[in-house]
């Protein structure tokens, strides 16, 4: 195995410096290294293997780096500021979307003049098609950073705006997606409620929309399209979509976030998997001969971690990896850059001394030749959280002796999807983790992902690879209007080496100037 890996590493010495016609960014929200490792084991065990030796689809991407995730104002980050970094190319403050660090969280007036453009906006300007696929709301932090400019990630509908925001004419995120954002061709995820008015009834659960301005943004989205457009809200309608017959596709499958993968079969209306949405998105977008940019987010990894439900978090990571495999199968890395990363980590720990092949959701009893190490002698799960809602103490009385201990989980099914892993500190919601996260990539210029990098470096590499934004001079041919036929990979200009040296030198000079 090691010799084969060396042969593969030697093959990689021939660098792919083509222009990236297509770029797909897979973002596992909250997918820290411990999540990747344990999801790898889970995927293997689901296939009947011990698990540790399993190779995920994302593991097969040959170029790797580490991403430093801190925000300008926070040591441990939030998703909005992280998404602004890896989509727009600048670090910013907690809670901000599409704004630089001069804006202030929840202050609308501070946002004016501090907007930053995302790779989605640059791709649209270059004549590429673009798409967003997520298992959360399409107005949630990660996807919203691709098209919105707002001082609060929470302003998803007009009813969420503060009085100060309304007075200063700030608009909500859903409104920006439909009325102000680039013409994104494919939008798939949850979040219907922010597009429906408060007197409109949701077709699935009978709830009301949250808009107070009277705008039916779904109908408005359809009305604004100049080409064949389709809106779908359930799996049957989604499956009926012919990618060849639509240029624009909007799918909103839940009032809020989509179902966890382990709950999806219980959804009465039905909703597509992340892999199915990824496949359909690529089929629609790849009709553009100029190529496309696609963001695919496994957003519920994060939400399951916040609930301290490791079973759901790892199952979400497995289906996220299935979506990565779809892109690997459909795209040619000679002209398509595939990047997989996370915005931040969580406090999930993977510890103890379980035997090889031990069920990843199973229990352990720590044994040692030194009795002093046994402590409470109670079993614990291999997966635990540093903080969160799984903190539980039990008081037991035996005569005059009262003890307070952890919950005894001997008879608890810790592999149940609703089980909350125990934690060291009690919090209503488990928090993010601040350690570096991994970047994995393949395709044109993927070798630029190396070492330990600031998170906003990701956006710059993707734009450099695709000759977008400030890096357009590195392409042999200029961008053209969106066509209807396909074209082959483009060669990078002869100024590649000089240009890259200039860019890196400029970054070093900027760093020296500021620090």
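Glycine is no exception: its Cβ is also placed from the backbone N, Cα and C atoms.
Residue 79 (active site, phosphoserine intermediate) has a Cβ environment of 27 other Cβ atoms inside 10 Å. Marked as active site, phosphoserine intermediate by TrEMBL: 79.
The Cβ neighbour count for residue 140 (Mg(2+) binding site), using a 10 Å radius over every protein chain in view, is 28. The feature Mg(2+) binding site is assigned by TrEMBL to 29, 140, 142, 297, 344.
The Zn(2+) binding site feature in TrEMBL is assigned to 29, 302, 306, 343, 432. Cβ neighbour count for residue 306 (Zn(2+) binding site) (all protein chains, 10 Å cutoff from its Cβ): 20.
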Tell me, in order along the sequence, which binding-site residues from 140, 142, 297, 343, 344, 432 have their CA within 10 Å of residue 79 (active site, phosphoserine intermediate).
140, 142, 343, 344, 432
Measuring Cα to Cα, how many Å separate residue 306 (Zn(2+) binding site) from residue 29 (Mg(2+) binding site)?
11
Inter-residue C-alpha distance, residue 432 (Zn(2+) binding site) and residue 297 (Mg(2+) binding site) (nearest angstrom):
17
Just checking: which of 29, 140, 142 have a Cα that is within 10 Å of the Cα of residue 343 (Zn(2+) binding site), counting only these binding-site residues?
29, 142
Could you list the residues of the same chain, at least six apart in sequence, whose Cβ is under 8 A from the Cβ of residue 302 (Zn(2+) binding site)?
29, 30, 79, 346
Residues near the Zn(2+) site, 29, 302, 306, 343, 432 excluded, by Cβ within 8 Å of the Cβ center?
30, 79, 301, 303, 305, 344, 346
